[in-house]
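Novice: Quick paste of what Swiss-Prot says about this protein:
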ACT_SITE  Asp89  active site, proton donor/acceptor
ACT_SITE  Lys151  active site, schiff-base intermediate with acetaldehyde
ACT_SITE  Lys180  active site, proton donor/acceptor
Amino acid sequence: MKLNKYIDHTLLKQDAKKKQIDSLLSEAREYDFASVCVNPTWVEHAKKGLEGTDVKVCTVVGFPLGATTSAVKAFETKEAIQNGADEIDMVINVGALKSGNLALVESDIRAVVEASGDKLVKVIIEACLLTDQEKIVVCQLAQKAGADFVKTSTGFSTGGATIADVRLMRETVGSDMGVKAAGGARSYADALAFVEAGATRIGTSAGVAILKGELADGDY
């Protein structure tokens, strides 16, 4: 198994400096990760820094709260793609889901899917805030709206990915969608366990440590 190609090498901290982003890009080139995941302000820089590689540029939309309007999320998506993004990780409207407004949750996801054209869309469900039934429902809505992946977490709420959540999400979407585990993978064994539970992508800032067989600091 080429575990490196499961990893979205991630730096989403609001105080990330250019030299830290450059280090992220250098590591991504060296280890040939699936993608780097950066905030929208760094997309153009990341695209240039990864020229000549097959490492994708992933960015986030409606991040981290998911509480912007669908029109804003669609605009963010279009601009990110214009700037070079290959993949979009969007946050659902958690409040709408909790309120039972499933039509809004679905249309919100669909707005981003439609704005993304042929680019990959991953739907962050923020599983730590949801009941198991809500997790099932929102995964079904993401599938119905045409998204490519469901993703556990932003890394900015009360918890990251769990094996149980990844397994439940995989059981819900079947083999038709990807499942991304974000947060929670701090070692090679952690990453492997997520893959065995059904993850096809792992979002982590610890990709290098994981591949080296080290235990990473932090929880994202």
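Cβ from N, Cα, C; glycine included.
Tell me about the surroundings of these features in the structure.
Specialist: According to DSSP, Asp89 (active site, proton donor/acceptor) sits within a strand segment. Its Cβ taken as reference, Asp89 (active site, proton donor/acceptor) is surrounded by 29 other Cβ atoms within 10 Å in the chains shown.
For Lys151 (active site, schiff-base intermediate with acetaldehyde), the same-chain residues 6+ apart in sequence whose C-beta sits under 8 angstroms from its C-beta are Asp89, Lys122, Val123, Ile124, Ile125, Val179, Lys180, Ala181, Ala182, Arg201, Gly203.
Classification of Lys180 (active site, proton donor/acceptor) by DSSP places it within a strand.
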Novice: Note down the number of other Cβ atoms within 10 Å of the Cβ of Lys180 (active site, proton donor/acceptor), including every protein chain shown.
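Specialist: If we count other Cβ atoms within 10 Å of Lys180 (active site, proton donor/acceptor), we arrive at 29.
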